[in-house]
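Pasting the relevant annotations from TrEMBL:
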{"type": "DOMAIN", "residues": "386-496", "note": "domain 'TMC'"}
{"type": "TRANSMEM", "residues": "66-88", "note": "transmembrane segment"}
{"type": "TRANSMEM", "residues": "164-182", "note": "transmembrane segment"}
{"type": "TRANSMEM", "residues": "257-279", "note": "transmembrane segment"}
{"type": "TRANSMEM", "residues": "308-331", "note": "transmembrane segment"}
{"type": "TRANSMEM", "residues": "343-363", "note": "transmembrane segment"}
{"type": "TRANSMEM", "residues": "500-519", "note": "transmembrane segment"}
{"type": "TRANSMEM", "residues": "566-585", "note": "transmembrane segment"}
Amino acid sequence: RDSQQAETEHLSRWKRWRRTSSKSLKKALSEVRGLSSYLVLWRRDIHSIEGKFGTGIQSYFSFLRFLVLLNFIIFILVFSFVILPIIISKYGIFNSTIAYISPKNIDKNCTIYEPSGNKGLVYFYTYLKDLFSGTGFLEVTSLFYGYYTIDTVWISVMRYNLPLAYLLATFAYLALSFLWIMKRSGEGFMQNLVHDADPFQSYCNKVFAGWDFCITDPNAAQLKHRSLQYELQMDLQEEKLKQKIAERTMKEKLRIYSLRIFINIIVIAILSGCFYAIYRVTVFSQGNSNVSIRNDTRTDSPNLFMQYLPSMVITLVNFNGPLIFAFLIRYEDYAPALEIKLTLMRCVFVRLANIGVLLFSLWGQISNCDTDKCKPCGYNYKLYPCWESDVGREMYKLMIFDFLVILAVPLFVDFPRRLLVTHCSCKLIQWFGQKEFQISDNVLEIIYGQTICWIGTFFSPLLPAIATIKYFIIFYVKKVILIHTCKPAARPIRASSSNFFFLGMLLIGLILAFIPLGVSIARIPSSKACGPFRNFNTSWEVIPDTVLQFPTALQQILFGMASEAFAVPFFMIICIIMFYVIALARAHKRVVEQLREQLVLESHDKMFLIRKIAEAQR
């Protein structure tokens, strides 16, 4: 500091002012960062959970906070580019107007759409039923796709292309989700890579750096002791299993592989049965509920049950599937870590595949044209005059029913179980004990809900707002469950890799969401009676139609980029870059291995010198 002050005496006034202002700016920025940390959502709650239960459970609540922020940003994006222009134009703000373009060269029957809104005197329970089913008064609101039957919004003299904005907003929220997940998972991937790189390093990390210094609660400290003991036991079991595998005879290998093949055949059969049940239930539900809705006989409660039947079956499969998989995998003789990962992967697959089966069942009904009358439209316009709103309604019901189940399980299962365990000394009840807070099961719940949100936002633009409120409430529900009714799992997921695992599963859900959205946008004919794409054969056609309005030079550039002459060289360059990066990674890996060998040699040299010094002293 004295040397810096001596240097500043010889500087000019301008340089001294710049140095002083730079220091002041850095200090101000650091204070702003410190103050902004207090604005982080649930900062104190998550720190409290981390102190009582450790970083493993804290990572789940941090992941839940990430999804709340992600859905809120998606809602802001969709609201700004799709909903807000319509609100501005309807109220005439900024001298704005709405333009409608009637479909041309289309059969008049395809353009008939009469939403089943409530008319006349309506009972209160009807509003409740509509709220849960997405019909009635909700069908004519901005919640669903059919509300946005607008082609152009004129704001003063500026033309706003709503169909293009609707499609680009869909691409934007998918790209935003993908980039945000990749950014957050990068650091976790590096930690996971380092953790799995060397078993000896893993042992050193557990012994010398395994303690979680954020823990302040004695019970949590005891739990952390058991967790570290469990991890060391699991590593020793894996080493024993590796030794056992190396000593297996050919007869034992044939027996184990045959048993694994048989169990996997059983798993495939169970999955096929679940998917077929979802398909049949969806066809049955759609056939009955759509007929009653179109005939205006939807006021009875059995119809509400019929509409929720696919959601109930999917929830039943999601609940029973993991229990069956956890029972079967015990006989496959895998390592403990691989056993947990394989079970979780099967659970993720069955949850996400159920959504896909539901959607493809719906598309089968939508595209089913048994008569020649519906062929001019390209879809079954009699049952689905606005099929996008029907798909949005199914996604809405899935999200609502999933939320109700998450609320009902603590209320009717967890709290009574805790009361029985606390106040009843029956051996059977004490054997069941207090429920464990399983991080993986809770993460699968919210990944399932987030995948529904990603798929459903195209058909129901306000679904991200519902998901934001849903996860906001779930945070407090899970916090109450954790503190008052559950105990942390005795066999938790390793905290070092939990964040990467959560984001990896979420990325799988996002990639699977691309498939049904891509089919809906590019393959299935868009509804001609509702929505912003009623003047296009498919939703994707708005892109080439917009490109044709560009100047000729720009059109040639864009069409050239979309041609094979550009795609093939571009793909080859990407492959060359990828091979270069792989070769570079292999070279770096060899360098790391050489450095490790060098460290081992240096340790041997040190031991040799210590022995020589000891001999010389003697």
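Each Cβ is built from the backbone N, Cα and C atoms, and glycine gets one as well.
Walk me through where these features lie, including what they touch and how far apart they are.
Packing against the transmembrane segment (66-88) from elsewhere in the chain are residues 41, 94, 96, 98, 142, 148, 150, 153, 155, 160, 162, 165-166, 168-169, 172-173, 176-177, 180, 184, 446, 450, 453, 457, 461-462, 464-465, 467-468, 471-472, 475: each is 6 or more residues past its ends and has a CB under 8 Å from a CB in it.
Same-chain residues lying 6 or more positions outside the transmembrane segment (257-279) and placing a CB less than 8 Å from one of its CB atoms are 310, 313-314, 317, 321, 324-325, 328-329, 331-333, 346, 349-350, 353-354, 357-358, 361.
Using a Cβ-Cβ cut-off under 8 Å and counting only residues 6 or more beyond its ends in the same chain, the transmembrane segment (308-331) has close neighbours at 132-133, 259, 263, 266-267, 270, 274, 277-278, 281-282, 284-285, 339, 342-343, 346-347, 350-351, 354-355, 358, 394, 397-398, 401-402, 405, 441, 444, 448.
Same-chain residues lying 6 or more positions outside the transmembrane segment (343-363) and placing a CB less than 8 Å from one of its CB atoms are 267, 271, 274-275, 278-279, 282-283, 286, 310, 314, 317-318, 321-322, 325-326, 329, 390-391, 394, 398, 440, 444, 447-448, 451-452, 455, 505, 508-509, 512, 515-516, 519-520, 524.
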Same chain only, please: residues at least 6 beyond the ends of the transmembrane segment (566-585) with a C-beta under 8 Å from a C-beta of the stretch. Say none if there are none.
560
Let me spell it out: take the transmembrane segment (500-519), skip the flanking residues so only those 6+ beyond its ends count, and list any with a Cβ under 8 Å from a Cβ in it.
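Counting only partners 6 or more residues beyond its ends, the transmembrane segment (500-519) has Cβ contacts under 8 Å with 59-60, 63, 170, 174, 177-178, 181-182, 184-185, 188-189, 191-192, 344, 348, 352, 355-356, 359-360, 363, 443-444, 447-448, 450-451, 454-455, 458, 493.
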